[in-house]
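Going by TrEMBL, these are the annotated features:
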| type | residues | note |
| --- | --- | --- |
| DOMAIN | 3-153 | domain 'UBC core' |
| ACT_SITE | Cys90 | active site, glycyl thioester intermediate |
Amino acid sequence: MQASRARLFKEYKEVQREKLADPDIQLACDDSNIFKWTALIKGPSETPYEGGVFQLAFAVPEQYPLQPPQVRFLTKIFHPNVHFKTGEICLDILKNAWSPAWTLQSVCRAIIALMAHPEPDSPLNCDSGNLLRSGDIRGFHSMARMYTRLAAMPKKG
């Protein structure tokens, strides 16, 4: 556990130093628990998520970095690789392809890349995956854009 605390503290200092370097990601540690983090990530440009800000929750295991963090979307998102109700994310690096070289910041980067390049063949959201697999790109974009507007964009007025 000591090693994981040291690693997380190092990442925390890195995040503080790099705050302005990556404007698409705001990563923050819980004030009272270094094993709980949140992130705000910006939807990638030229996707239906553009203009949205999505909140992620990280639960970091005591065996980190030997084991991956559990990450989920707190903001509703219509995406084939995100469970619509729980926010669970299907991403290989959070499962069997994890490496201790990954950091919480690089996990955020990978999630942004997944938002831009969905994998409809391993869906957690079957409705979303089926739209893409059947070639209904317009239908997928329309639904994803609608949920981005409803859940991830600041309300006007």
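Glycine is no exception: its Cβ is also placed from the backbone N, Cα and C atoms.
When Cβ atoms from all protein chains are considered, those within 10 Å of Cys90 (active site, glycyl thioester intermediate) total 17, not counting its own. Confidence annotation: the domain 'UBC core' (3-153) carries a mean pLDDT of 96 in the model.
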